[in-house]
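Participant: This structure is in structure tokens; I'll ask about it shortly.
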């Protein structure tokens, strides 16, 4: 039993270390090899001296797109990544986590945000060429899990 516990801790620490190494780079943005819900993603970035990405300009959006296209794990048919926007405080008013600044620059998928079923409050980047989604934004349920983008502060 104790051996199993040590093994689980060792594996978890190895995963965390590998994920942290992906953020020990000179780039402004990083993509930890971690899957979390939106709050967990924000906490992970913060614990490691980063923040969930604030894509408040077209330039920052393009930087994330360019960097993401270089990540081997993202060379698939579908990628979804948390970013730091939500309307958790007030429905329909999207702000950047950590700053509280209103989202002004945006790159929503047509018809989004839609708050489907009344519980989509967190924003993710969505890349799925077969559906013509090219790193656009969508609102989704915050408790769903996916990888995410951290930004150096």
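The backbone N, Cα and C atoms fix where each Cβ goes, and this holds for glycine too.
Values in this document were obtained by computation on a predicted structure and should not be read as measured data.
This is the feature table in Swiss-Prot:
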- 1-19: signal peptide (SIGNAL)
- 26-151: domain 'C-type lectin' (DOMAIN)
- 45-150: disulfide bond (DISULFID)
- 122-142: disulfide bond (DISULFID)
Participant: Can you grab the distance from residue 150 (disulfide bond) over to residue 142 (disulfide bond)? Cα atoms, rounded to a whole Å.
Facilitator: 17
Participant: Specify the count of other C-beta atoms within 10 Å of the C-beta of residue 142 (disulfide bond).
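Facilitator: 20, counting other Cβ atoms within 10 Å of residue 142 (disulfide bond).
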Participant: Return the residues near residue 122 (disulfide bond), defined as same-chain residues 6+ apart in sequence whose C-beta is under 8 angstroms from its C-beta, sorted by sequence, else 'none'.
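Facilitator: Residue 122 (disulfide bond) has long-range Cβ partners 38, 82, 85, 86, 88, 139, 140, 141, 142.
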Participant: Would you mind pulling the DSSP three-state label for residue 45 (disulfide bond)?
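Facilitator: In the DSSP reduction, residue 45 (disulfide bond) maps to helix.
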Participant: Taking 10 A as the limit, how many CB atoms besides its own sit near the CB of residue 45 (disulfide bond)?
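Facilitator: So the number of other Cβ atoms within 10 Å of residue 45 (disulfide bond) is 28.
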Participant: DSSP says what for the domain 'C-type lectin' (26-151): how many helix, strand, coil residues?
Facilitator: 30 helix, 38 strand, 58 coil
Participant: Around residue 150 (disulfide bond), how many other CB atoms lie within 10 A of its CB?
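Facilitator: A count of 28.
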